[in-house]
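What Swiss-Prot lists as signal peptide is 1-23, and the listing cites experimental evidence. The domain 'PNPLA' annotation in Swiss-Prot covers 32-229. For 36-41, the entry in Swiss-Prot reads motif 'GXGXXG', with the evidence type sequence analysis. The feature N-linked glycosylation site is assigned by Swiss-Prot to N60, N90, N202. Marked as motif 'GXSXG' by Swiss-Prot: 75-79. The active site, nucleophile annotation in Swiss-Prot covers S77. Sequence annotations record features per position, and here Swiss-Prot assigns active site, proton acceptor to D215.
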Amino acid sequence: MATTNSFTILIFMILATTSSTFATLGEMVTVLSIDGGGIKGIIPATILEFLEGQLQEVDNNTDARLADYFDVIGGTSTGGLLTAMITTPNETNRPFAAAKDIVPFYFEHGPKIFQSSGSIFGPKYDGKYLMQVLQEKLGETRVHQALTEVAISSFDIKTNKPVIFTKSNLAKSPELDAKMYDICYSTAAAPTFFPPHYFATNTSNGDKYEFNLVDGAVATVDDPALLSISVATKLAQVDPKFASIKSLNYKQMLLLSLGTGTTSEFDKTYTAEETAKWGTARWMLVIQKMTSAASSYMTDYYLSTAFQALDSQNNYLRVQENALTGTTTELDDASEANMQLLVQVGEDLLKKSVSKDNPETYEEALKRFAKLLSDRKKLRANKASY
């Protein structure tokens, strides 16, 4: 179903683009999307640290933060946590976490978040420490206070519907103005890993509105890029600063999508003959990795095709490691050794080519992207001053 919905969104965006003209850089909408993947969030965190450093260098401003440059930041699961960390304001109304603070956060708190509950029944982890640290870091901040538009997904197991937390939806659905720590726990509450999360807010007329939520990947798979694009499309329709954009399309968008790594080989390959007699229990051991890798590949395929078809391929950058091995493939191995390996994966990824057809390294591509983000921010600021 997620693949069908993704394809529908893709077709809609292509059709909307056919009658449009090229956008100037100052009119472009900028989108950052961060995949889910548990402790593997260290990989995109390493990439974000590099990008924020480049933005600071280009603009000669050590206080520059990612939220200053992106109109929409979307994330699922651990990507939702990263989204909250770089968009939640501190007491001076700046992001409470710089990108360089995220990897140390994983090292400090990861081992306690992924500490086994010791029970053979129920979820693998009780989630108590995760909630504790989220409340400590995010405080009472709610969605409307985010420093830029956010798109954090979850899934309500009582209504069987996805729930998308965004600022632009609040006028219509004020009950979505939840506390950020409730949202972050919910998007990370992967079935079998953490308990589902219940909390309540109020509707516009004061009625109680209840949520029963699990991991956002249930609703949007691990790659939330298409979700983030959808939110950007709506934002362009309602935000006055995008008044010059009559119909948002790929020519008017800069999209950076960060993965948490996958593997083309898994831990083992299988044949049809070998798996013919497998039952539910045996498939459950491997299906999550298979579906996660496949859905991530298909989303990237859709987006690459759309941007290339409209001669806007430089507007989209997917940063993904496709050759994870061993413990780095695990969502919950928060050992010191494995976390160090994940940092190394992120650092090594910067030196790799974007694709077989594009010899540009990710490091070079991100430097180019940083320059585009900086130039676009300056153009918009100049336009606003008139």
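Any Cβ shown, glycine's included, is placed from N, Cα and C.
Annotated features taken from Swiss-Prot, shown on the structure.
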{"residue": "N60", "record": "N-linked glycosylation site", "DSSP class": "coil"}
{"residue": "S77", "record": "active site, nucleophile", "DSSP class": "coil"}
{"residue": "N90", "record": "N-linked glycosylation site", "DSSP class": "coil"}
{"residue": "N202", "record": "N-linked glycosylation site", "DSSP class": "strand"}
{"residue": "D215", "record": "active site, proton acceptor", "DSSP class": "coil"}
Distance [Cα-Cα, Å, rounded] between S77 (active site, nucleophile) and N90 (N-linked glycosylation site): 22
Integer Cα-Cα distance in angstrom, D215 (active site, proton acceptor) to N202 (N-linked glycosylation site): 22
Other CB atoms, at most 10 A from the CB of S77 (active site, nucleophile): 33
Pairwise CA distance, N90 (N-linked glycosylation site) versus N202 (N-linked glycosylation site), rounded so that it is a whole Å: 25
N60 (N-linked glycosylation site) to N202 (N-linked glycosylation site) - Cα separation in whole Å: 44
Other CB atoms within 10 A, centred on D215 (active site, proton acceptor): 28
Integer average pLDDT (0 to 100) for the motif 'GXGXXG' (36-41): 96
Most Cβ neighbours inside 10 Å, all chains, among the glycosylation sites N60, N202: N202
